[in-house]
Each structure stands twice: as structure tokens, then as C-alpha cells.
Amino acid sequence: MLSDFYRDTWVEVNLDAITHNVLSMKKHIGEQVDIIAVVKANGYGHGAVQVAKTALDVGASMLAVAFLDEAIALRKAGIDAPILVMGATRPSDVEVAIQFNITLTVFSIDWLMEANQFISSDKVHLHIKVDTGMGRLGVREKDELRRIFSYQESSSHFEIDGIFTHFATADENDSLYFVEQYEKFEELLTTIPHQQLLVHCANSAAALKYQRKLYNAIRLGISMYGLTPSIEMKQELPFELKEAFSLQTKLVHVKKISKGEKVSYGATYEAKEDEWIGTIPIGYADGWIRRLKDFEVLVGNTRAPLVGRICMDQCMVKLPNHIPVGTKVTLIGEQNGHVISIDDVAKRLDTINYEVPCMITLRVPRIFLKNMRIIERVNSILP
Ligand SMILES: *Cc1c(COP(=O)(O)O)cnc(C)c1O
């Protein structure tokens with residue numbers, strides 16, 4: 001019989017943690033503020049479809065992704081909730097957005113006028129992006145904002161439903177730049193009639209931290225997955241965040257090597273005494289990159305160091321004693337009271353927690369748990 005995967009390496013996604021984080025956030029921001037669940041980049045590496053369904057089930061009212069392809073993938077998976085594409089879409093692709101009922105982002109008058117040439121019948125739903133200091137995408141001037149609004153009023157091809165901006169520093173202790181952006185947003189809003197629009201500015205950090213008016217909705221990304229937007233925010237979280245993601249594998253080969261024997265490419269690791277070495281089937285092609293050399297994993301009630309260079313598909317662990325083949329090895333997550341968190345891996349790689357689950361490639365199957373039970377197993381290379 002065909003099984004869903006044949007490899008002893010997998011990501012476990014605890015959807016109960018997603019539920020907890022969304023519900024806690026909803027309580028924190030209040031009933032009148034909607035949650036737009038951000039599931040771009042395959043739900044920050046977790047699995048966009050399952051996270052989206054979970055978030056919608058517990059009260060999120062809309063989804064957001066970066067690109068049109070990601071939105072279409074959600075539609076093809078049977079999700080019919082509103083979806084916003086926050087990034088730039090080609091003007092020539094607006095008909096595709098209309099076909100799948102996907103809301104796009106307009107970020108300049110030029111984009112709008114070009115898109116107009118590609119719509120023959122129906123209308124496309126839009127949110128306006130304004131740039132208040134991120135310097136990435138968005139309208140910067142009141143005049144251009146006015147022109148966008150009046151252009152859509154005189155056209156039958158566009159329907160503006162929302163307006164939003166994005167903060168560059170909401171996760172930092174110093175709130176000066178955040179306040180500048182916030183005030184610029186307030187100011188720009190006065191330019192157009194926005195009473196009927198979905199107005200949103202807060203990402204996870206701003207929603208967690210600021211008691212300021214969050215308008216009609218927040219865009220909840222990283223903290224839906226149970227991660228803190230920055231290390232400096234860890235001290236003062238208004239509620240507990242639960243990490244949904246863990247990365248597991250199993251020992252596939254265990255042997256004793258003698259003092260002086262070598263391990264892996266380059267033969268850079270040499271046993272200082274007789275040692276037990278285990279092999280695990282995960283490598284840099286899975287996103288467990290070579291820079292994680294000498295990092296630790298959890299196995300057999302302890303922390304054990306990786307030894308030798310990480311290969312494309314495998315790497316080696318120095319075991320404290322003989323541990324049988326088939327024993328579970330945790331690369332990210334908890335095992336018998338020991339924890340290796342996503343933040344630990346991020347620190348080791350000198351990056352931010354956002355990057356870590358995104359790094360784990362689609363070659364690694366995802367297992368989804370709800371009420372502590374497996375509800376779905378997804379193998380992207382053998383769908
Ligand atoms: C990714 C993204 C978000 C989510 O931010 P988090 O810090 O993950 O909550 C919100 N808005 C925009 C425009 C984004 O690109």
C-alpha cells in the first residue's frame with residue numbers, strides 16, 4: 001500500500017497552538033477588531049492551508065498572502081474566505097484575481113491605470129497600501145492617494161475595500177519611529193473617505209504592544225505561530241504564545257567508531273575516544289543548513305552535538321551511549337523537559353525567528369495535530 005511518506009524526518013505542526021494564539025489575540029484586541037491571518041510563505045513554513053483553516057475556524061475574518069499564486073493555491077484547496085495579496089501583482093494578472101475573487105493591493109496610480117487596460121468586464125477588489133516609512137511598497141503622497149480614490153470612483157473596474165500601512169519598527173523598544181508612522185497614517189487617512197473601508201496597520205508586534213487604536217483589523221503573522229516578533233519583546237508579552245512548529249527525525253544508523261576515526265565530508269571530525277555515532281536523515285537540502293554544524297539535537301533524554309559537516313540529506317550526532325536505531329531525535333521542539341526553540345536556532349544562525357521555519361524546505365513532510373491527534377499528513381514531493 002502507498003503510504004503518505006517514507007522518510008523518518010517530519011515537521012509537526014500543533015494546530016491547537018495556532019488556535020490558542022488566535023483566540024488570545026482576539027481577546028487582547030477586542031471583539032470589534034478583526035484578525036487578518038497572514039499565511040504567506042506557506043504559513044511561515046508551517047503549512048498555509050491548515051493554518052488558514054484553523055485561524056478562520058476560531059474567528060479570523062480574512063487571510064493575507066504575499067503573492068497571487070499563494071492566494072490561488074488557497075482557493076484551489078477549497079478556502080472561500082476573503083484573501084488579500086499584500087505584495088505587488090502584475091497589472092496584466094488582474095483578470096486572474098477577479099476569476100478567483102482575490103483582493104489585490106494598489107500601491108500607485110500608475111499600477112491602477114495600467115491594470116485598467118487588462119480588465120474587460122467585472123471589477124477587482126482592492127486595498128490601498130500607503131507607505132508611511134517602511135519604504136517598500138505604497139503611496140506616499142496625499143495627492144496620489146486622492147487620484148487613486150477618484151480614479152476608482154469613475155471606473156467600473158475597481159472597488160476599493162480597504163487601506164493599510166506597515167510598520168518598520170513596531171517590535172523595538174524605542175517607539176519614536178513607530179509613532180511617526182502611525183501619525184502619518186492617520187494624516188493620510190483624512191485625505192479620502194474611509195468610513196466604509198477596512199482600515200488596518202498593525203502587525204503582530206503593534207497588536208501585542210500598543211494600546212492605540214488598531215482601526216478595524218490587524219494583520220497577524222508571526223505571533224499566530226507562537227513566536228515573539230523580537231527578542232526584546234519577550235519580557236512584556238500580554239499573553240502566553242505557544243509555538244506550533246517542531247522538527248523531528250529518527251536515528252537510521254548507529255555505530256561505534258574508534259578513537260582517531262573520522263566523520264563526514266572533509267574528514268574534519270575525529271573521535272577523541274571510542275564513540276557512538278548516530279546518523280539522521282536530514283541535511284542542508286531540507287533547510288538544516290551547513291552553518292548548523294556543531295549545533296545540538298535532543299535524543300535519548302539529553303542534548304547531543306552534531307559532529308562533522310552537515311551533508312545534503314544526512315548528518316551525524318555524537319550519542320552519549322548506544323541508542324537504538326529508530327529512536328526519535330528532536331531538532332526543534334521539546335523532548336523530556338529539554339527544549340530547542342526556534343529562537344535558539346535563530347540565535348545560532350544570527351538571524352530572526354521568522355526565517356527558521358521558512359527555511360525548512362518542502363522536502364520535509366508536515367504532520368498536523370489537532371486535539372493532540374494527527375489530522376493530516378502532507379508530503380509535498382509525493383502529493
Ligand atoms: C508579513 C507581513 C505582516 C505580518 O507581520 P508579522 O510581524 O509576522 O505579524 C503584516 N503585514 C505585511 C504587509 C506583511 O508583509
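Glycine too: its Cβ is placed from the backbone N, Cα and C atoms.
If you look up TrEMBL, you'll see Lys40, Tyr265 marked as active site, proton acceptor. As annotated by TrEMBL, N6-(pyridoxal phosphate)lysine applies to Lys40. Annotation source TrEMBL lists substrate binding site at Arg136, Met312. Positions annotated as domain 'Alanine racemase C-terminal' by TrEMBL: 244-369.
Distribution of TrEMBL features across the structure.
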residue: Lys40; record: active site, proton acceptor; Cβ neighbours (10 Å): 19
residue: Arg136; record: substrate binding site; Cβ neighbours (10 Å): 12
residue: Tyr265; record: active site, proton acceptor; Cβ neighbours (10 Å): 13
residue: Met312; record: substrate binding site; Cβ neighbours (10 Å): 11
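Residue pair Tyr265 (active site, proton acceptor) / Met312 (substrate binding site) shows a Cα separation of 11 Å. A Cα-Cα distance of 17 Å separates Arg136 (substrate binding site) from Lys40 (active site, proton acceptor).
Note: the CA-CA distance between Met312 (substrate binding site) and Lys40 (active site, proton acceptor) rounds to 26 Å.
In the three-state DSSP assignment, the secondary structure recorded for Tyr265 (active site, proton acceptor) is helix. Secondary structure of the domain 'Alanine racemase C-terminal' (244-369) per DSSP (helix as H, G, I; strand as E, B; remaining residues coil): 21 helix, 51 strand, 54 coil.
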